[in-house]
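All remarks here apply to the structure that follows.
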Amino acid sequence: MSFIDEAKVFVKGGNGGNGCVSFRREKYIEFGGPDGGNGGDGGSVILEASSAVNTLLFFRYHQHLRAENGKSGSGKKKSGASGRDLVIKVPIGTQVFDSPGGSLIADLSTVGQRYVVASGGKGGVGNAQYKSSTNRAPVYYTLGAVEEEFPIFMQLKVLSDIGIIGMPNAGKSSLLSRCTMSKTKVADYPFTTLEPHLGVARINEYDLILADIPGLIENANEGAGLGHKFLKHIERCSLLLHLIDGSTEDIVGAYKLVSRELAMYSKELSEKREVIVLNKCDMITEEEIVQKKHLLEDYSNKTVVTLSLDDPLNPLLVMLYEMLQKDDIEEESKKFDPFLHVGYNKKKTPKI
């Protein structure tokens, strides 16, 4: 299945049904009076975030979304039926814009979250509503509101705890496969990964979600390579796992290149917490491992983990899990208001 993370669609709420002009016709009742019913409201187009959908592929083949029109009113003061809403499921992390690069109008980030992207038109009014003391037999009615079709633009940013980044062929897909049993394509050539992949690792009854994006090369922020197109998918990550091929000669240069591309793309992305993994250490000597690890630690001032093909991954995953848990605790502490805490009495300001 293709990974489609952008879509342009045209949406239209249903038209309102027309009001009705009708008069009561019944035996022995000479002047029955007006009894025209109101038209029903048109249906709305609604987007709903769902965990059952992973891409925006649906919109490649369904570019016009139209809700059902309301029915017209009828005699005996019967209102027309309202049009049914058109509910479309979208992946969690879908953002809706009014134009390419325009204003954000919705961010569907939780399961079940809904957004009415196109409201249905109001139904018209039947002549029964126009009856008055001065007009006992009105022939007036109103038409239902007609809704216009308009475009919206959707963009998907996948939700994950950890984003795996690095240059092409750094071993990102292999690591994701080992951690999560994700069936990503693995091969010994650059750009094996052509689209983002998600995997879930189970740690202490917690689902750790990892995202692997295509490798970054120099000038990726200007469009070179593949990774720049998918950098948006790690903007929501809490933590970055930066993989570097241990057999690379200029180990610091490789780290600087990817870090620079992140900074050029987004300041927020470059400031995310990061763990550096010196990968493929089975391809170099113990002396080189120690030397390159120290070089990375001295330059980055960040945690550096060494990893070989035969090394168990559980210690790394547990460390990542604990870092995420610490972030959650710190985030909660920032929200803590001592004045709202049970048992704390705010001092009253003395009157002067």
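From the backbone N, Cα and C atoms, a Cβ is placed for every residue, glycine too.
Copied from Swiss-Prot, the annotated features are:
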{"type": "DOMAIN", "residues": "1-159", "note": "domain 'Obg'"}
{"type": "DOMAIN", "residues": "160-327", "note": "domain 'OBG-type G'"}
{"type": "BINDING", "residues": "166-173, 191-195, 212-215, 279-282, 308-310", "note": "GTP binding site"}
{"type": "BINDING", "residues": "S173, T193", "note": "Mg(2+) binding site"}
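Shown here: features listed in Swiss-Prot, placed on the structure.
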{"residue": "G166", "record": "GTP binding site", "Cβ neighbours (10 Å)": "26"}
{"residue": "N169", "record": "GTP binding site", "Cβ neighbours (10 Å)": "20"}
{"residue": "K172", "record": "GTP binding site", "Cβ neighbours (10 Å)": "30"}
{"residue": "S173", "record": "Mg(2+) binding site", "Cβ neighbours (10 Å)": "22"}
{"residue": "P214", "record": "GTP binding site", "Cβ neighbours (10 Å)": "25"}
{"residue": "K280", "record": "GTP binding site", "Cβ neighbours (10 Å)": "21"}
{"residue": "S308", "record": "GTP binding site", "Cβ neighbours (10 Å)": "14"}
Distance [Cα-Cα, Å, rounded] between P214 (GTP binding site) and S173 (Mg(2+) binding site): 9
Where N169 (GTP binding site) sits in the secondary structure, as DSSP reduces it to three classes: coil
Reduced DSSP assignment, S308 (GTP binding site): coil
Three-state secondary structure, which DSSP defines for P214 (GTP binding site): coil
Length of the line joining the Cα atoms of S308 (GTP binding site) and S173 (Mg(2+) binding site), in Å: 15
